[in-house]
Amino acid sequence: MNTFRTDRELLRQWRRLARSQFPAICQPRPAQSHKGTFGTLGIIGGAEGMAGSVSLSAVAALHCGCGKVWLGFHQPTLPLPLLTQQPEIMLATAEHLLQRSDISAWVIGCGLGTHESAVSVLKSCLQQHNIVTLLDADALNLLAQQPDILAGRKNKHNIILTPHPGEASRLLQCSISEIQGNRNQAVCRLAAKYNAWVVLKGHQSLIASPNGQVWQNNSGNPGLATAGSGDVLAGIIGSLLAQQIPLEQAVYAGVWLHGIAADILAANEIGPIGLCAGEIAPAVRWLRNRLSETN
Ligand SMILES: NC(=O)C1=CN([C@@H]2O[C@H](COP(=O)(O)OP(=O)(O)OC[C@H]3O[C@@H](n4cnc5c(N)ncnc54)[C@H](OP(=O)(O)O)[C@@H]3O)[C@@H](O)[C@H]2O)[C@@H](O)CC1
Ligand SMILES: Nc1ncnc2c1ncn2[C@@H]1O[C@H](COP(=O)(O)OP(=O)(O)O)[C@@H](O)[C@H]1O
């Protein structure tokens, strides 16, 4: 059980900001709702040795409110220990998961690996043109190696790319210092090159829409500089997308919630030093519930 201490005035400010900028995440649950109301997220990645990455995404997605989460491992056999960690998560191989017809949103790439077999998994995921899809980590590395992977996608405005500066440098074929030297320009170049939504992660993450509008996020702290916190972000945004939160609000709100969660944890003496990525999800759940309260 997790409750967090927060200054009341700060919580009021967060509510005001969230209600004006991303009202869809502040709605209380309708009494007549059921798990299907809140969508099904499909997460693909987790090659051998990397099961933890997609597990972090999936746990975060559940805590952020989506109805069901499927994990599709890019491995021939399933990493069974995950069942005991969070038995609510449904497990499959990536190939089997891609055949399901009930997925509301996809997250692909965390721990996926960059072998040839990963390319075909990514391509078949992208063939589901009408399903909003977030590409992270190795999906971005594959895209950097083979930019035409996105060429056959009919609708790119429902694609979200979430590179850290290292991945951004691969996507734009330049150095990390060039990315960091002009982050605004970098995020715009990425959005224009791929005609997609882009989150350039790091201190004060930048979000660019496909038509080049840029928004800077100011929540978060260096506690987030820890293995797996990007996997958690992918799960949060994917969860909001699966819940049918409008895409623009899902991307902005996801980045903001992830940062505020880290700020709440730090204020509760969990980090910033030694904050673990898995600790972010309960704080996101707490915050989403506080935002949907009426007072
Ligand atoms: N538990 C698990 O299973 C986990 C699995 N994971 C999975 O591991 C796979 C590899 O992912 P990865 O991101 O660790 O490696 P990689 O793409 O080589 O990037 C590192 C490069 O980027 C740079 N860089 C990064 N951030 C930066 C910043 N803010 N600002 C500036 N530079 C920055 C960094 O630069 P450096 O500072 O080190 O020179 C370096 O060059 C991937 O599939 C992922 O999902 C992880 O999620 C962890 C938990
Ligand atoms: N100094 C920082 N201040 C604020 N946020 C940060 C900082 N460092 C990292 N983050 C955030 O943490 C996440 C790290 O993502 P990423 O580098 O992809 O991690 P991983 O691959 O280990 O999951 C991103 O959302 C990024 O914006």
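Note that Cβ sites are derived from N, Cα and C of the backbone, with glycine treated the same way.
A quick note: this is a predicted structure, and the numbers were derived from the prediction, not measured.
Residues annotated as domain 'YjeF C-terminal' in TrEMBL: 18-291. Positions annotated as (6S)-NADPHX binding site by TrEMBL: Gly111, His164, Asp231. For Lys201, Gly202, His203, Gln204, Ser205, Gly230, the entry in TrEMBL reads AMP binding site.
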Mean of the pLDDT scores, which run from 0 to 100, over the domain 'YjeF C-terminal' (18-291): 96
In three-state DSSP terms, the structure that Ser205 (AMP binding site) belongs to: coil
DSSP state at Gly111 ((6S)-NADPHX binding site), helix/strand/coil: coil
Listed binding-site residues (Gln204, Ser205), ranked by Cβ neighbours within 10 Å, top entry: Ser205
Sorted by sequence, non-Gly111, His164, Asp231 residues with Cβ within 8 Å of centre, (6S)-NADPHX: Ser53, Gly109, Cys110, Asp136, Ala137, Gly228, Gly230, Ala234
Listed binding-site residues with Cβ under 6 Å from ligand 2, out of Gly111, Gln204, Asp231: Asp231
Additional residues around AMP, ordered along the sequence, whose Cβ is within 8 Å of the centroid of Lys201, Gly202, His203, Gln204, Ser205, Gly230: His164, Val199, Leu200, Leu206, Asn217, Gly220, Leu224
Binding-site residues close to ligand 1 - of His203, Gln204, Ser205, only those whose C-beta is under 6 Å away: none
Greatest C-beta neighbour count within 10 angstroms, which of the binding-site residues His164, Lys201, His203: Lys201
Nearest recorded site to Ser205 (AMP binding site) by CA-CA distance, among binding-site residues Gly111, His164, Asp231: His164
Gly111, His164, Asp231 screened against Gly202 (AMP binding site), Cα within 10 Å - retained binding-site residues: His164
Candidate nearest Lys201 (AMP binding site) in space, where candidates are the binding-site residues Gly111, His164, Asp231 and distance is Cα-Cα: His164
Top Cα neighbour of Gln204 (AMP binding site) in the set of binding-site residues Gly111, His164, Asp231: His164
